[in-house]
Amino acid sequence: MKKAQGATKYRSPLGAAKDPYQVLGVKKDASQAEIKKTYFSLARKYHPDTNPDKSAQAKFLEIQEAYDILKDEQKRASYDKYGAASQQPGFDPNAFSGFGGRAGGFQDFGAAFGGGGGGASDLFSQLFGAFGNAGPGFGEASTRGADLEATIGISFLEACKGTVRKVNVSPVVNCNTCTGTGLKKGAKRTTCRTCNGTGTRTFVIDSGFRMASTCPECSGAGSSVPLGGECTVCHGVGKLRMKKSVQVDIPAGVEDGMTIRIPKAGDASIRGSGTGDLLVRVNVAPSKVFVRQGANLYHKAKIPLHTALLGGRVRVPTIDGDVDVRVPGGTQQGEEMVLKERGVASVYGGDKGDLFIAFSVQLPRSLTPRQRELLQAYADDVEGRVPHKETVVDPPNKGPIHEDEDPSADQSEEERGKRATA
């Protein structure tokens, strides 16, 4: 089979057919005490100082290497799962933690690469992308930059009518000096010697199954900025965090807790061309006048008793200013009136909502003697009772008496007689 570019075949120092359990002659479930006892016995037997046989030294080294693996619980567990490849330099067991088993155990296969969305072909492409047609630059697959998050607080009225705000963020951007290359003028990137430009390290375990992980030397880039060739501004990274102010257009009808996405206002990608977005959460302050449900608004209007009984006009607030509304006579406590399209515009489009006015009838806590007398007369009339005393109603004020009017016109016969006798 043709050797894949950048793939390094790591063999166990014990040999392909030998494993530490076989070298020490212990079972895989042997205890540490058993392993230690066997090791000391074999070490005394094959130690070069006590065994003149020329092959004893090689055997002693095998015994020592086997014991170094099995006495360390972490190394032993790694060997049990991945075989001899687990003992090679640069091997990262965390890169394969999602495999759940040794050499072909595929439980939670997708978890090793972030899980989820892609199909099997995508997963194998990530795992074996360094082979076949995938040449240098495998590690530079386009990776979208991270999204940024921010929060904006606005008033209730601003949420109803829409507004414009600015938010300060610090996204990752390309360095202006090196245009994102990380190189100073005249310098060139060098191919990574560890992965030969593939961006991955490949390990072959005993069964022949190959596993790939990101190259630790170049972090998957396949190349690196040479020593002395770094940009003096970004120090070879090619990216910087820069403070900037972003305008946020908040549409009319936005609701508390909604998120506005501003495309390409997030972090630039470290490798690749995709830029993340800016996600702005909108916090809307509550209103002391209205209660909002979707696009509809609700307001409680207080009206006096006489207006509820006789009808009249009252002034009520809307998001566009106060308006006068007619209250019909006989309005009951809690009765509602609907003002069409006096609500909020829907952020999703369509007609505006309505404004619901709920009337709250206010009863007087005290009455003047005249008010009580009039109200008692009303109650007697409603209930058909005979008034227990004559109701006195003050005559209306007629104003000043003119010269052509007789001031005695309102006097009684008896009073006029008394005045004539006098």
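Placement of Cβ uses the backbone N, Cα and C atoms for every residue, glycine included.
As given in TrEMBL:
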DOMAIN    19-83  domain 'J'
DOMAIN    162-243  domain 'CR-type'
ZN_FING   162-243  zinc finger
REGION    382-422  region 'Disordered'
COMPBIAS  382-392  compositional bias 'Basic and acidic residues'
COMPBIAS  403-413  compositional bias 'Acidic residues'
I'd like the per-state residue tally for the domain 'CR-type' (162-243) from DSSP, helix first, then strand, then coil.
0 helix, 29 strand, 53 coil
Predicted model, mean pLDDT over the domain 'CR-type' (162-243):
84
Taking DSSP states H, G and I as helix and E and B as strand, how many residues of the domain 'J' (19-83) are helix, strand and coil?
46 helix, 0 strand, 19 coil
